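Notes to accompany the following structure.
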Ligand code: PGA
């Protein structure tokens, strides 16, 4: 059976107080799913310290494709690893659209993450225009396969996040989400059929306490990547508990 997983993506939100608050709110319960928190980078060390004796894991929101050198402002994957991260998001749609990360950059970040010993959480998803033009599968295929050219499928999670559902309150229907997840698993199987069955596939895009269970109940959906609702303790706790056992 695949490991279920719920990842909190705080984006550019939160502070030390939220780190403390969320750890106490979440650590008191135990979940079937692995639960990962990705705070802004300055809070990673504090989060790592607070989560040491808990089942919560820590992840980065982004890493450099470079390992070291004169790259002002960058953070390498091995630095994330050193401060206790086990995961890092790669190719989030906000990185792609607001910071001009193309498929090539995403692919090199993914390799850098895996080489540092992190599990890369590759995010893929179509825009509304692309969905309406019937291009969902071709966009997802292109993003997925281009990112995985030199990837290690043992250290991989894939998050399907339709861009039109991120932060908008519009969620893909469970059927729409399952259809794409099934296709992603089929595409992964063309690379390694056995491993494709083991890779956790997450859905992201306006997941809330009241829609999580029906989305997570879908066969190829193994958990979620949660933005807005991960900043609210009761919401996020309910989402973590909604994962199938
Ligand atoms: P959202 O964000 O849950 O606020 O839609 C999801 C994400 O961007 O990962």
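Glycine is no exception: its Cβ is also placed from the backbone N, Cα and C atoms.
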From the candidates 30, 146, 206, give the one listed by TrEMBL for the same substrate site as 9, 10, 11, 167, 227, 228. 206
May I ask which of the binding-site residues 9, 10, 228 have a CB within less than 6 Å of any atom of ligand 1, listed in sequence order? 9, 228
Determine, to the nearest whole angstrom, how far the Cα atom of residue 92 (active site, electrophile) is from the Cα atom of residue 11 (substrate binding site). 10
Given residue 206 (substrate binding site) and residue 161 (active site, proton acceptor), what distance in Å do their CA atoms have, once rounded to a whole number? 9
